[in-house]
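The next block holds one structure in the form of structure tokens; read it before the comments.
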Amino acid sequence: MDAIILCAGKGTRLYPITESRPKPMIPIAGKPILEHIIEKIENYVEKIYLVVGFEKEKIIEYFKENPKIEYILQEKQLGTGHAVLTAKNFIKDDFLVLNGDIIFEDSIDEILVYENAVALSKVGHPENFGVVELGYDNKIINLLEKPKKEELPSNLINAGIYKLQNNVFDILENLVPSERGEIELTDALKKLIENGKLHGIELNGYWNDIGHPWDVLSANNRFLNKIISKVSGKIENNVSITGNVIIEEGAVIKPNSVIEGPVIIKSGSIVGPLAYIRPNTVLMENTFVGNSSEIKGSIILENTKIPHLSYVGDSIIGANCNFGCNTITANLRFDDKPVMVNIKGKPVKSVRKLGAIIGDNVKTGIQVSFMPGVKIGSNSLIGANCLIDNDIEQNSFVYKKDELVITKKRN
């Protein structure tokens, strides 16, 4: 049996983090979403076909040492069904299909029992997903895409993990494109349902569809809480380390710093002196958190520098960023209500605590503050003394035009 993982999309709801990387390459607990998926399935399959598109080179480079992986280019993103069809000439038997933006804990053993099966998950807001109605013997009798609340047949949703027979390719080839002009895998599933040939198996463990920035942080928290301590880096004098902490070889923790796990600090990173790294934080390779800076519940991507007197909370900071002194990310509203985030032009409720989502190659001057939930596009410059309370597009230069008045001092 082989597997197909769908990795070609752009992940626009996760901008600006996905402006310069495929969504499956966003790190969760220090490694890409896609690596978590591959680890869950590689013992079941002979070959793993990654259907790639946007920023494909980053996926190919990262997994180049894995002999099971081959790549199929989806030049135009014409739907999930079209993505599966690109693998038709490579698949000779039953196969797995997985969305490249999910993360889960359960084994897939149970779905392998059936000829055609879909993994299901219970969620709190099923109206945002494809919702499934189960009948006798786990047969799926209905699949509704994002139904209204009053039309919900259950709280079980399509979890984006499938085991299918090879003849599904024939169904896909004969589908009529959707209103969006796309070939949808769910339309093929509906054909199987009509013929009584699709089963649903509920996942009992954690599952998350990584659709928004706060989903990244939530999954990161979950998987960080499973780590086992391993300290291989250099720990200097008067450093306090509590909880489960991974400090890779080549990392340096300078004097009088405090680290409270779960935390991962990757190779080449420097922390301190006098830095405070709080729980649920990941510092990717070659990051620098300097004197009197505090990081809490955040993911700091590679080569980013937060040198001094700064606070980053519940945030995702892109690669190659450089924060000026006293850069602050606010992460909580006065009224304790969920932070509102602009997603594709619409305000969306997120979670109670959410800081800033900052793209790659962003630089800030001294005393820059970000209000909760703001997004800063890649390659932007934020000048000194700015309070950022709206999203900033990529390649922007933001500065404050205060007038400085100079007069002669009176005696």
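Note: Cβ is positioned from N, Cα and C throughout, glycine not excepted.
Of the residues Asn66, Asn116, Asn158, Swiss-Prot places Asn158 in the same N-acetyl-alpha-D-glucosamine 1-phosphate site as Thr80, Gly130, Asn142. Cβ neighbour count for Thr80 (N-acetyl-alpha-D-glucosamine 1-phosphate binding site) (all protein chains, 10 Å cutoff from its Cβ): 23. Closest in space to Asn158 (N-acetyl-alpha-D-glucosamine 1-phosphate binding site), of the binding-site residues given as Leu6, Gly9, Gln74, is Leu6, taking the CA atom of each residue. Same-chain residues at least 6 positions away in sequence with a Cβ under 8 Å from that of Cys7 (UTP binding site) are, in sequence order, Pro22, Pro24, Leu34, Leu50, Val51, Val52, Gly53, Ile59, Gly100. Taking the centre of the Cβ atoms of Leu6, Cys7, Ala8, Gly9, Gln74, Gly79 as the UTP site, the nearby residues of that chain (Cβ within 8 Å, site residues left out) are Val51, Val52, Gly53, Gln77, Thr80, Ala83, Gly100. Less than 8 angstroms from the CB of Gln74 (UTP binding site) sit Ala8, Val51, Val52, Gly53, His82, Ala83, Thr86, each of them six or more residues away in the same chain.
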